Ligand code: DON
């Protein structure tokens, strides 16, 4: 059985990879040679020129770094590596890597930026109030655990689409490392066991999670034979097998009578190439995630507002109390706009140009005051009422020696998603439905319109914070960056970029520096992280200003590659078990 690729946009011939052009040229030479003798030597297409000293990756685990190395050794480029890595992490990082989730891929290929949206979608039978009981109250946990939490998965279609459009290696080649890890096993580490144990408790009695994952214990060689079979079917029959073949039947069977995803939903699922969100900042072109992510807009807003506030920031020590206070005020405005204006662009016209324009952000920055009492002035979306116009993820960064790059963030949403495993398929399904507003404000409630952007509707994509980002300088890759962390994604990336560019830190120092998180709600709350807690005098100063300090268990796992001249410098977040690797 084989599934034809669907009719999403394809690269024009001019942008076909070198390998394909060589194949065509060689075939023509052989053909021509049999008729014309002696043939003048045909001009050979020059081999692609390496523009960097090496390829490099920043990966959330060592297995995916090994996969990247194999793909580069086989002659693959950044997209080949990215697709192979996604399938590998679906095996070795089952809490976040996935087949049953979705995500976003920002690509820079042959000198041009692209953005692939393979976010999950609400099933056709989904309704606005599907998580409410008869009295209009939210049914606890329903959007987080079990079958009804599951959105239509996009990952396999996303990888298929990326590989079909850009891939140089064969589809089977990029799936081979994942199949090997699923068949032969990988060694479970302490962190994965801990996340497993916590998830097993919350899924107990509600899903079939432990029937599959009870053996996920530190030190064990963990094998997943059913997952290996699923991957082999996808490798043999193409990405649409997941949506139209036996895997689709297994998903539909798993859902039948419990959840809303049907075979029809799967057949209809399409990944979407969108215009990446771009902005000029600090001499760079920022290429990042457009809606349905709020992350790109938020990142650009933060970067530009901070630049506008340069006089206020001048001389302030990184992460000093007045510094954190100014950033928190910027973040209030970013999250107010996020709540009010950003949703699925296929449902609403998101005012992207306005939200990221220099004039608007200068005006918003002007509202930020060093002596403002936190929470004293309510912060609302800054564009007025334009809207009626109607916590696990993983990130990796790749550059190849030809100057191409991929920044990819994908997710099951929570650790191990909904906890529902597809029987016979061996993979977990997401709980992305929880990224919708699951308890919409009642009609007529003042301010209710803000939530309408992101209520559950058939086929809609839930609002996301995932922000896979690439920075270009003179149209060459300068930084590839991203992280998991829900709404902490954009604030984490912003802080690391600030450390790099405003404080001139080396990549490893920029990652190791303290991070904090603040968003509009809960008001006046600064979240600190276990890796570098806010204590002592700094804590006292923030409290004296009126902030509440809250601990959080996770503040991102940033994977980034900076390119200095022709040298890629990968760096993995010391908060996780990631690996930066340069491959000559
Ligand atoms: O799309 C989003 O923004 C969330 N589903 C991402 C969740 C996440 O990053 C959890 N990570 N720790």
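Keep in mind that glycine also has a Cβ here, set from the backbone N, Cα and C atoms.
According to TrEMBL, the protein has these features:
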- 1-29: signal peptide (SIGNAL)
- 119, 411, 412, 413, 435, 464, 465, 486: L-glutamate binding site (BINDING)
- 393: active site, nucleophile (ACT_SITE)
Taking the Cβ of residue 464 (L-glutamate binding site) as the centre, how many other Cβ atoms fall within a 10 Å radius?
30
Around the C-beta of the residue listed as 'active site, nucleophile', how many further C-beta atoms are within 10 angstroms, looking at every protein chain?
29
According to DSSP, does residue 435 (L-glutamate binding site) sit in a helix, a strand, or coil?
helix
Out of 119, 412, 465, which binding-site residues have CB atoms lying under 6 Å from ligand 1?
465
Can you tell me the three-state DSSP label for residue 413 (L-glutamate binding site)?
coil
Return the residues near residue 411 (L-glutamate binding site) by Cβ distance under 8 Å, restricted to its own chain and a separation of at least 6 in sequence.
96, 98, 101, 102, 103, 392, 393, 394, 430, 432, 466, 484
Densest Cβ neighbourhood among 413, 465 (binding-site residues), 10 Å radius:
413
Neighbours of the L-glutamate site 119, 411, 412, 413, 435, 464, 465, 486: Cβ within 8 Å of the Cβ centroid, same chain, sequence order.
102, 103, 393, 432, 462, 466
L-glutamate site span - longest C-alpha distance across 119, 411, 412, 413, 435, 464, 465, 486, in Å:
14
119, 435: which of these binding-site residues has the sparsest Cβ neighbourhood within 10 Å?
435
